[in-house]
Amino acid sequence: MASRKPLVAGNWKLNGSQTLLNEMANVLEDINSQEVDVALFVPALLAAEAVKLGLQTGVQTVSEYEAGAYTGETQAALAKQLGVTYTLVGHSERRHVFGESDEDVANKFAMAQQQGLIPVLCVGETEQQREQGETESVISAQIEAVIQKLGVAALSQSVIAYEPVWAIGTGKTASPQQAQDIHQFIRDKIAQQDQGLSQGLRILYGGSVNEKNSEELFAQQDIDGGLIGGASLKTGAFVSICESAKG
Ligand SMILES: O=C[C@H](O)COP(=O)(O)O
């Protein structure tokens, strides 16, 4: 895993509760260490409470707008004020269910950084795109949209999460080698523009990660932790996954 510190991030999506948050805070109390960062991307309504409980906290999306008449949006500046550290941008459910384009995602990435949040840029191909041999071009375009807008240096204050859409919530995990191949592709692509930045960039894998497959995935050279959906709602499974990212 080179010298990059792994990050294991739970994405609760539209799930979880105050009770689960309290339980999770208890079991995660001693996990964050020199060896692994652990963060929870909770529903925005739980973010302030998660921060109070001492958790490294993320929100699941932010508005691309700074402020104004945008009913229902999550404001990056307010998240930062509450003590939130990260936000996801471009999660596949935002792209495919809510129709966010690469340009929308780049705008959200920019707003997150402008307000002092660390964006976790999610990229990944659909099953059809993989079958048609488009995996690399799709991921390139998703990353390039951010680079075109902000320059490659912006990636140094970010995290990338590779999540093949066909592996999300399906139980169909990418094999460690399949995942490693794409992580290496992403790192090499960024290295063409900034070698040092690419070596320090954390690239997470997401898609049906569980306590049984996490160790082998995280052992891959270019996989620096995971973005965990379903398994982050179970305290025992999530703790095991976090432990498996350590050294
Ligand atoms: O953000 C997390 C991913 O969408 C993965 O979800 P999953 O672990 O339930 O497949």
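Heads up, the Cβ atoms here are built off N, Cα and C, so glycines get one too.
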From candidates G54, G169, G247, TrEMBL puts in the same substrate site as N11, W12, K13, S208, G229, G230 the residue G169
Here the Cα-Cα span from E163 (active site, proton acceptor) to H91 (active site, electrophile), rounded to a whole number of angstrom, reaches 8
Sequence-distant neighbours of G230 (substrate binding site) in its chain (C-beta under 8 A, six or more apart): G169, S208, N210
What is the biggest Cα to Cα gap, in Å, among N11, W12, K13, G169, S208, G229, G230, the residues listed as binding substrate? 14
